[in-house]
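Heads up: the structure comes next, in structure tokens.
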Amino acid sequence: MFQNADDVKKFIADEDVKFVDVRFCDLPGVMQHFTLPATAFDPDAEQAFDGSSIRGFQAIHESDMSLRPDLSTARVDPFRRDKTLNINFFIHDPITGEQYSRDPRNVAKKAEAYLASTGIADTAFFGPEAEFYVFDSVRFATRENESFYHIDSEAGAWNTGALEDNRGYKVRYKGGYFPVPPVDHFADLRAEISLELERSGLQVERQHHEVGTAGQAEINYKFNTLLAAADDLQLFKYIVKNVAWKNGKTATFMPKPIFGDNGSGMHVHQSLWSGGEPLFYDEQGYAGLSDTARYYIGGILKHAPSLLAFTNPTVNSYHRLVPGFEAPVNLVYSQRNRSAAMRIPITGSNPKAKRVEFRAPDASGNPYLAFSALLLAGLDGIKNKIEPAEPIDKDLYELAPEEHANVAQVPTSLGAVLDRLEADHEFLLQGDVFTPDLIETWIDFKRANEIAPLQLRPHPHEFEMYFDV
């Protein structure tokens, strides 16, 4: 939106901007913010903050950190009462001035620089498709003597027998793709989200109800370069959640909020370009893929068990990655085939449209780290000419047992992928994009803050199974 500090100053004055919202991303992937009066904001100055209070950052004895604005990300916040300009910032060490190695946006910036340094390509495009659910209410608690969650939605299949205000037209389990209103209760809400996305600079391509009951949705927008695509995804999630909130609803990108129905994934489309020319197309190759694209796929599939520590980084992620709910649990590639973890979309003979789609990820993690890790895995495949296993152009869910035994599967838990990341991360260290410190911090944080707390607590379903032993 802006190219320099003078542009920002002029906009603030001309548009009577009242506040500037300073935004940055914590290590797990949630945007943080504090707000300055616009009169106190100097786009040439750094902002200080306490890094020890941010998840995954600094210890208390070295807590001071500084923020530098990325003025290209400035957007007017559509939800604040007083006119507010949101700006994403990079994090730096206040003493050395160096980029902070645990700043997710700095990781993405380094990934783009490393790509250019390889000579393989100069641009990587990423197009995430993040699914989400919209509920009317959610209640949950975990205490010493109880643990529960309760979701409700006027469109939920479980409400067909509800007594109050029941006019039918509930979405059946796995029945949400693509019925028209009134079965689709959320067409207007998605339209409102889409218009807000457009006003914020994202180019919406389509929106629809997804397969799941209770308002599962997908809104697709145009791809972007790596760092910008991660920024776009954070903006997308912010707008989805706030439009839902404004309408008395609540939106979640949790991978598996509902037992017995489809989870919410985030298919990630990717392509490499050099000098304005696409590198993934060859009309003679399988599915129109070039050797470069095939090796890129080989790298991602080889490293997928460790990659999932960034692309599917929550305990809940692995409730989605199970057979039977259209989740891509098979680590193979194929054209058109949605049962494969890596799909080659049919794009005709247009070289510029050729891309690969990694279908395993979800939106519960940090997009800056996830996209950077995917790029580095793909580049490792290109540099080392890693051949993927032969493509499988049949329904992988219906393979005979002897065939299925030869198909690699995604790991089944967060603990398993963290173990794999611990053993397989050399490809992430190339170009100093990820550092050993970041990887160690990520693994330790996930084990201590997500795996260990669940190991300490009995699950409610255990009472169904074991109370009367």
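Note: Cβ is positioned from N, Cα and C throughout, glycine not excepted.
Note that this is a predicted model, so its numbers are computed, not measured.
Per Swiss-Prot, the feature domain 'GS beta-grasp' maps to 15-96; the stated evidence is sequence analysis. Summarising the annotation, Swiss-Prot assigns domain 'GS catalytic' to 104-469. The annotation Mg(2+) 1 binding site is assigned in Swiss-Prot to Glu129, His267, Glu357 on the grounds of similarity to another entry. Annotation source Swiss-Prot lists Mg(2+) 2 binding site at Glu131, Glu210, Glu218, citing similarity to another entry. Positions annotated as ATP binding site by Swiss-Prot, on the basis of similarity to another entry: Glu205, Tyr221, Lys222, Phe223, His269, Gln270, Ser271, Arg338, Arg343, Lys352. Swiss-Prot lists Asn262, Gly263, Arg320, Glu326, Arg338, Arg359 with the feature L-glutamate binding site, giving similarity to another entry as the kind of evidence. If you look up Swiss-Prot, you'll see Tyr397 marked as O-AMP-tyrosine, on the strength of similarity to another entry.
On the structure: features taken from Swiss-Prot.
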residue: Glu131; record: Mg(2+) 2 binding site; Cβ within 10 Å: 21
residue: Glu205; record: ATP binding site; Cβ within 10 Å: 13
residue: Asn262; record: L-glutamate binding site; Cβ within 10 Å: 23
residue: His267; record: Mg(2+) 1 binding site; Cβ within 10 Å: 21
residue: His269; record: ATP binding site; Cβ within 10 Å: 19
residue: Ser271; record: ATP binding site; Cβ within 10 Å: 23
residue: Arg320; record: L-glutamate binding site; Cβ within 10 Å: 24
residue: Arg343; record: ATP binding site; Cβ within 10 Å: 22
residue: Glu357; record: Mg(2+) 1 binding site; Cβ within 10 Å: 19
residue: Arg359; record: L-glutamate binding site; Cβ within 10 Å: 22
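In terms of Cα spacing, the binding-site residues Glu210, Glu218, Arg320, Glu326 all stay beyond 10 Å of His267 (Mg(2+) 1 binding site). In sequence order, Val211, Asn262, Arg338, Ser339 are the residues of the chain that are 6 or more apart from Glu326 (L-glutamate binding site) and have a CB within less than 8 Å of its CB. In this view, Glu129 (Mg(2+) 1 binding site) is surrounded by 19 other Cβ atoms within 10 Å of its Cβ, with every protein chain counted. Proximity note: of the listed recorded positions (Glu131, His269, Ser271, Arg343, Tyr397), His269, Arg343 have a CA within 10 Å of the CA of Arg359 (L-glutamate binding site), given in sequence order. For the domain 'GS beta-grasp' (15-96), the number of residues in each DSSP class (helix H, G, I; strand E, B; coil) is 12 helix, 35 strand, 35 coil. Counting only same-chain residues at least 6 apart in sequence, those with a Cβ under 8 Å from the Cβ of Lys222 (ATP binding site) are Gly127, Leu202, Gln203, Glu205.
With Glu205, Tyr221, Lys222, Phe223, His269, Gln270, Ser271, Arg338, Arg343, Lys352 listed as the residues that bind ATP, the site has a largest C-alpha separation of 22 Å. When pLDDT is averaged over the domain 'GS beta-grasp' (15-96), the result is 94. Cβ neighbour count for the residue listed as 'O-AMP-tyrosine' (all protein chains, 10 Å cutoff from its Cβ): 12. The Cβ of Arg338 has fewer other Cβ atoms within 10 Å than any other of the binding-site residues Glu218, Gly263, Arg338. Excluding Glu131, Glu210, Glu218, which define the Mg(2+) 2 site, the same chain contributes Glu129, Ala130, Phe132, His208, His209, Val211, Gly212, Gln216, Ala217, Ser264, Gly265 within 8 Å (Cβ to the Cβ centroid), listed in sequence order. For the pair formed by Glu210 (Mg(2+) 2 binding site) and Gly263 (L-glutamate binding site), distance between Cα atoms is given as 10 Å, rounded to the nearest Å. Comparing Cα positions, Arg343 (ATP binding site) lies closest to Glu129 out of the binding-site residues Glu129, Glu131, Glu218, Arg320.
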